[in-house]
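A short write-up of the structure that comes next.
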Amino acid sequence: RLAPMRLYTLSKRHFVLVFVVFFVCFGLTVFIGIAGPNVIETSVARTDLNNSLKLKPFNLSSPPLSTYNQQLWLTCVVELDQHDVSLKKNVTMRVRVHGVVKDASTRYVNNQVHNRTRLLSCAQKCSEIIVAHLGYLNYTQYNVFVSFENLNKLTYTIQNITFTWKTYNPAFSQVEIWFRFVFVVLTFMVTVRFFVSVFLEYIMDQALKRSFFILLRMNKILNVVHSFTTLLFSQQGERKCLTFYLPKFFIVGLLWLASVTLGIWQT
């Protein structure tokens, strides 16, 4: 038979204690996620349209940023004068990004114009369109120039375009950093304890080997024969699906479900 796992050699008290600690830690992370700060912080820059502004680019300034904001998104929502309209149309945008430092001087000027094509989908209300996304922030503020190429060719009148800045909440970033720090410290402590126990066991084993070195060398051939016969005639242990695999699928499934939910939520 196979060597029993440590989980099956635990007493009932230790077995219950392991699962209680696991579910307490899992519930604590869920509670922090629910009761903690919001992940995304938004700020709206509402732009009123008239006939003279339709063909001109929009100059949008982001709110003050820091390293804790991590990333920056700029989205827009087109509002039509008729709310019962259903349409789908590809919209071409021209986007330029300028970086601004703390003293309000423009240090980063990217004259490259990015052409982006987005699908404008409206069904009683138009869907949100991603205008720009910055994966990392090198400046405390950004100026984004946005112009629409064929938006004025719609058969319906555009009442307004609402631009929205989205970033990670600095409070959430700080909670995330502290959570990772505590996790790293606990992992380091467990790793050190494991290596210390292994090292002490190795020292004791080496002391015994030095004491009986001659006998161990004489018994080496017998050990090889014993290991060979044990592996040759050993039988496969019984691992039933209900008692062996189902608890593992349950524990791993909870972690997988939490990671997938977090990934979909961030997307």
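Just so it is clear, glycine is given a Cβ too, placed from its N, Cα and C backbone atoms.
Sequence annotations record features per position, and here TrEMBL assigns domain 'TMEM181 GOLD' to 56-168. Helix, strand and coil counts from DSSP across the domain 'TMEM181 GOLD' (56-168) read 6 helix, 69 strand, 38 coil.
Annotated transmembrane segment per TrEMBL: 15-36 (among others), in sequence order.
Non-local neighbours of the transmembrane segment (177-200) in the same chain are 29, 32; each lies 6+ residues outside the stretch with a CB under 8 Å from one of its CB atoms. Feature annotation from TrEMBL assigns transmembrane segment to 177-200 (among others).
Look at TrEMBL and you will find 212-233 (among others) tagged as transmembrane segment.
Same-chain residues lying 6+ beyond the ends of the transmembrane segment (245-265) with a Cβ under 8 Å from its Cβ atoms: 22, 26, 29-30, 39, 239. Here TrEMBL flags 245-265 (among others) as transmembrane segment.
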